[in-house]
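**Q** This is the structure I have questions about; it appears just below.
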Amino acid sequence: MMAVEEEEVKEVLQKLQELVDQLYSFRECYFETHSVDDAGRKQQDVREEMEKTLQQMEEVVGSVQGNAQVLMLTGKALNVTPDYSPKAEELLSKAVKLEPKLVEAWNQLGEVYWKKGDVAAAHTCFSGALTHCKNKVSLQNLSMVLRQLRTDSGDEHSRHVMDSVRQAKLAVQMDILDGRSWYILGNAYLSLYFNTGQNPKISQQALSAYAQAEKVDRTASSNPDLHLNRATLHKYEENYGEALEGFSRAAALDPAWPEPWQREQQLLDFLTRLTSFLESKGKVKTKKLQSMLGNLRPAHLGPCGDGRYQSASGQKVTLERKPLNALQPGVNSGAVVLGKVVFSLTTEEKVPFTFGLVDSDGPCYAVMVYNMVQSWGVLIGDSVAIPEPNLRLHRIQHKGKDYSFSSVRVETPLLLVVNGKPQGSSSQAAATVASRPQCE
């Protein structure tokens, strides 16, 4: 008799598992059966599919009602939407009490707490699941949660970010063909990039992880968060064309999410205003501009003009003053430029602080300064010297708009000399990255 009952339970669980797998497949592969034009309907369609699945599950369950696996699968079905479900929390909490070693129930419960905004409880669930069994889902989720845990100090947050990268790498090692693991590793590297002074090697690792996610998992390309996060990195690296493309794609994939569209518009607005200011040299009148340029003095070079400049290699070097129009793309070692500020431009995101620099009758160059405190800035008429300037040439085309301009990237205001004076350490601050608190 027991054997027959066990067989029945097994059959019921198998059927329930199939129904839940189909529901999640519907969500993950939505854009394989729908066009991007249907993106606005996706959440509603998933919700309707969930209701349908729960109804079918109810018909199958029968007398197996209180079984831990049944509770887990029902909770998982309720957890398919991005919203917090109190019912899912209740069922999954019961499931882990009945069967504390049921790892999938712990993982699902952790996701429920995450959606509820209880990051500490989510962390406990994923860590607890790993004590029962090493599995990629707990590692993925732990990586995600570690970056959002509240901390009392910057050092503690840095440790969490490093740990987040470690957990994501472990998840990738467990299954190199899991796109979600690669995507979460990309996000961990993105946080590390902003947490450790924007090392270009780390941004490359983030971009490689995102590319790998798309390569191994066809559904990764329809993940709006992947496109937004990658675009954030591209924008910071001044790859504006790729950034606009990413924001635009994220907006198309999730029309109800305002951030990608806003970020695309903000960047377009910034580029439009910047190129207009560059063309008009900040609308400074010719006579005024000539007077400003006539006031440029070698003394304004400060430590960049007397052989005391310490290069990145740590050696003291004598810099050669060059006109802006003689700069080559990339870092111009051994050179220094000196010019007058003709405009400044801040964005809603405050980073970078952008200003226009002119040193002759030639064109105006944009200077983009990163990692500065919000109170730092330069004024129109200030003399600014930039040692070993890093020149970028921009050619951007997006939705019928064209932008072309030259810019100098400055990683910290500490590199600048303003009116002959080096900038103090109080002018520098670290950049941060914000992401929406939802399951990755």
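Each residue, glycine too, has its Cβ placed from N, Cα and C.
Pulled the feature table from Swiss-Prot, pasting it below:
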REPEAT    7-61  repeat 'TPR 1'
MOTIF     13-24  motif 'Nuclear export signal'
REPEAT    68-98  repeat 'TPR 2'
REPEAT    103-130  repeat 'TPR 3'
REPEAT    136-174  repeat 'TPR 4'
REPEAT    179-216  repeat 'TPR 5'
MOD_RES   S203  phosphoserine
MOD_RES   S221  phosphoserine
REPEAT    224-253  repeat 'TPR 6'
**Q** Taking residues 6+ outside the repeat 'TPR 3' (103-130), which of them lie with a CB under 8 Å of any CB in it?
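**A** Tertiary neighbours of the repeat 'TPR 3' (103-130) are 68, 71-72, 75-76, 79, 82-85, 88-89, 92-93, 95-96, 137-139, 141-142, 144-146, 148-150, 437-439.
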**Q** Report, as numbers and ranges, every residue of the chain located at least six residues beyond the repeat 'TPR 2' (68-98) whose Cβ falls under 8 Å of a Cβ in that stretch; write 'none' if there are none.
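**A** Same-chain contacts beyond the flanks: 12-13, 16-17, 19-20, 23-24, 27, 43, 46-47, 49-50, 53-54, 57, 61, 104-106, 108-109, 111-113, 115-117, 438-439.
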**Q** Quickly jot the same-chain residues contacting the repeat 'TPR 4' (136-174) by Cβ under 8 Å, restricted to those at least six beyond its ends, or write none.
**A** 103-104, 106-107, 110-111, 114, 119-120, 122-123, 126-127, 129-130, 180-182, 184-185, 187-189, 191-192, 195-196, 437, 439-440
**Q** Measuring Cα to Cα, how far is S221 (phosphoserine) from S203 (phosphoserine) in Å?
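**A** With distance taken Cα to Cα, S203 (phosphoserine) is 19 Å from S221 (phosphoserine).
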**Q** Would you mind listing the long-range same-chain contacts of the repeat 'TPR 5' (179-216), meaning Cβ under 8 Å and 6+ residues beyond its ends?
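**A** Same-chain contacts beyond the ends: 136, 139-140, 143-144, 147, 157-158, 161-162, 164-165, 167-169, 171-172, 223, 226, 229-230, 232-233, 236-237, 370-371, 411, 430-433, 435, 440.
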**Q** Rank the modified residues S203, S221 by how many other Cβ atoms lie within 10 Å of each Cβ and give me the one with the fewest.
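**A** Looking at the modified residues S203, S221, the Cβ with the fewest others within 10 Å is that of S221.
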**Q** DSSP says what for the repeat 'TPR 5' (179-216): how many helix, strand, coil residues?
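**A** Helix, strand and coil residues of the repeat 'TPR 5' (179-216) number 34 helix, 0 strand, 4 coil.
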**Q** Mean pLDDT, the repeat 'TPR 6' (224-253)?
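**A** The answer is 96, the mean pLDDT of the model over that range.
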